[in-house]
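> This structure is in structure tokens; I'll ask about it shortly.
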Amino acid sequence: MHHLHPMIVCIFVMYTGIVGSDAIAGDQLLNIGVIQSKIRSLMYYTDGGASFIVVKLLPNLPPSNGTCNITSLDAYNVTLFKLLTPLIENLSKISTVTDTKTRQKRFAGVVVGLAALGVATAAQITAAVAIVKANANAAAINNLASSIQSTNKAVSDVIDASRTIATAVQAIQDHINGAIVNGITSASCRAHDALIGSILNLYLTELTTIFHNQITNPALTPLSIQALRILLGSTLPIVIESKLNTNLNTAELLSSGLLTGQIISISPMYMQMLIQINVPTFIMQPGAKVIDLIAISANHKLQEVVVQVPNRILEYANELQNYPANDCVVTPNSVFCRYNEGSPIPESQYQCLRGNLNSCTFTPIIGNFLKRFAFANGVLYANCKSLLCRCADPPHVVSQDDTQGISIIDIKRCSEMMLDTFSFRITSTFNATYVTDFSMINANIVHLSPLDLSNQINSINKSLKSAEDWIADSNFFANQARTAKTLYSLSAIALILSVITLVVVGLLIAYIIKLVSQIHQFRSLAATTMFHRENPAFFSKNNHGNIYGIS
């Protein structure tokens, strides 16, 4: 029984153009400056299976009857081996099974050399595990490489013993087939050698560009769709269409960036590279439309206003939701999301989008406002009350009635339009119904606080000037503080010196007083001694009890 490849289960309706909707009143919203710029389908995606592509990096040359020696091929082989050697060594380090006696980390039953990964995220470790798993099937991969080595077809599907589908891609074989095979017998060997060398050198340059980041660590840096496009060349769309088996437009898938590749293994013997292509699983939400809205300023009682509406909405089952799509991938025709980002909108805004313009909320604009015109679907939408709208072909000035919110200018009205200094070539006819009976003057408009851009700018300038003044005052006080601090320091030093001086003077005075006292004592002692010497009889009689010294 034939096994279908489990890589992708996709439910998709081919995008053929989405017409106007019933939930959003696009024609009526034009009166207040709301334009539907783009309508896209809503797609959900999740991680899917993987497909494997074998890239043959060396072409097969047709036989030359033994008369030609193609030296450029040998040089290419040597250079290519040098280029791929770091990749081969790195893949070997990641996939090497650590000895059971040493410390190991196991993921999904395989052993990953974590030292080769360094600091890795969960996704990067998952990629490394994929490399290890692929190397566990090295025998099947080698058999696969051998089976495609002799073919010179650009794309050939082969199935290994495990019934795993892989695609052998020889990106440069197309060049070889077209440039060499038909003329191998009619030109000189040197010319063929030079031609082959130029082709191989160009491809080497592309390979160097592709594998610049992978040389560091292929497990941590997946191949982008741009790298895959360079690597697989013109065969990429064929590979995708044959392998994905889906109605999803190939260009749409490629532009989404959701298709990535991972280098799994390299065969040095055959110079073949095994790449794992990761393709998400897609499913479309039937009947859902993601609509981009552009709101330009409109005229209301000779005042410039802008309506408050979301930038992007989701229309589904006659309901409207705000849909920013911040975590989604937006392509020209689809929005790819992992989950629904829709959120409710206010009732007044909902009624406004449904066509009840009296429920719309506007913000007055004072000053310059850049969103005064929009160019969508080949038609110009402009607020010609706030802009000078001049038609260059045929020459005339476009006037806008006071009751009209905006002016809609198609090719019937003007083929080349001048808005101030901008020039637009109008290419389409406006075929929607413009509700001319709606008057902005009679509308029951709910105003928010005015958005005065000029005053806001002046306020900002005043704040900046005030900040500069405060900074200048701060610097002045800081300088004053530094000056005062200096004076305080000098005063403190002077005070300390004064105290020291007073202490020294006090000590000197005390010393002088003590010295004078000692001098007085010395003088008294000297006088007593002198009197004793001059009157010895007095002291002798006195010593016997006769105080007067008379016998």
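Positions of Cβ are set from backbone N, Cα and C atoms, glycine also.
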> According to Swiss-Prot, coiled coil applies to one of these ranges: 326-351, 456-481. Which one is it?
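When 326-351, 456-481 are checked in Swiss-Prot, coiled coil belongs to 456-481.
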> In Swiss-Prot, which of the ranges 16-44, 132-160, 219-247, 248-276 has the coiled coil annotation?
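Per Swiss-Prot, the stretch marked coiled coil is 132-160.
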> Per Swiss-Prot, which of Cys352, Cys360, Cys414 is disulfide-bonded to Cys391?
Cys414
> Across all protein chains in the structure, which of the glycosylation sites Asn69, Asn90 has the highest Cβ count within 10 Å?
Asn90
> Using the alpha carbons only, what distance in Å do you get between Cys414 (disulfide bond) and Cys352 (disulfide bond) once rounded?
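Here the two Cα atoms lie 30 Å apart.
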> Hey, what's the Cβ neighbour count for Cys328 (disulfide bond) at 10 Å?
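Around Cys328 (disulfide bond), other Cβ atoms within 10 Å: 23.
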> Which one is it: of the recorded positions Asn69, Asn77, Cys337, Cys384, whose Cα lies the shortest distance from the Cα of Cys352 (disulfide bond)?
Cys384
> Of all the recorded positions given, namely Asn69, Asn77, Cys337, which is spatially nearest to Cys389 (disulfide bond) at the Cα level?
Cys337
